[in-house]
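Q: Please see the structure below; I have some questions.
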Ligand code: GRF
């Protein structure tokens, strides 16, 4: 088996996506070398500490502007020597200097079927639009907010009875499948970004990214390759 890759996870909140990565780290061949939060009370920091993963808080309110914050954030991230940086519920907009520094090695998860509903309040917007399908997307991070090439999406059917809370729960359940999957592909060396496009095993992914079939659990190129 290949050497595990170093992954740094950057969070702002509960860290349920972080938890799935912690739980599956051995299976997907990653070593989470550090967890960084901009919020000191983020529960994800507790999850990391319970797993004996080093943590750091880089509090954005302590910096005069975005550039100063992002510079400190980069120093913190790089102190854990990441091969991959995983944004998991990190609620700050990043400067182009930072996104450029991590080009092709930074992923984000977003609670919508991108390119639909970039930014905030995605569940509310999907409900208000009367969408029959909603979901989650893992994408590479580029300068464009929630606009980098998609890696994988999972669809959630929207029921008439759904509320923002119920949709959020269903979407998160899917997030916990697609994020470890995307990270596993990256760890295997099968997922790459080139010229602003995502490639899986050398093949350019469609604009949606891969689609997780509705009833699928984690299954990847790793299993297929072995
Ligand atoms: C996720 O729904 C993610 O899509 C969004 O923030 C949420 C983070 O949840 N960007 P958690 O902190 O991983 O539980």
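A Cβ is built for glycine as well, from the same backbone N, Cα and C atoms used for every other residue.
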Q: Write down the single range among 185-205, 206-226 that appears in TrEMBL as region 'Disordered'.
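A: Checked against TrEMBL: region 'Disordered' maps to 206-226.
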Q: What recorded positions in 17, 66, 91, 94, 146 place CB under 6 Å from ligand 1?
A: 17
Q: To the nearest whole angstrom, what is the C-alpha distance linking residue 146 (site 'Raises pKa of active site His') and residue 94 ((6R)-10-formyltetrahydrofolate binding site)?
A: 11
Q: Of 91, 93, 94, the binding-site residues given in the record, which has the fewest other CB atoms within 10 A of its CB?
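A: Fewest other Cβ atoms within 10 Å, among the binding-site residues 91, 93, 94, is found for 93.
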Q: List the other residues in this chain whose Cβ sits within 8 Å of the Cβ centroid of the N(1)-(5-phospho-beta-D-ribosyl)glycinamide site residues 15, 16, 17, in sequence order.
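A: Going along the sequence, the neighbours come out as 11, 13, 14, 18, 19, 20, 44, 47, 88, 89, 176.
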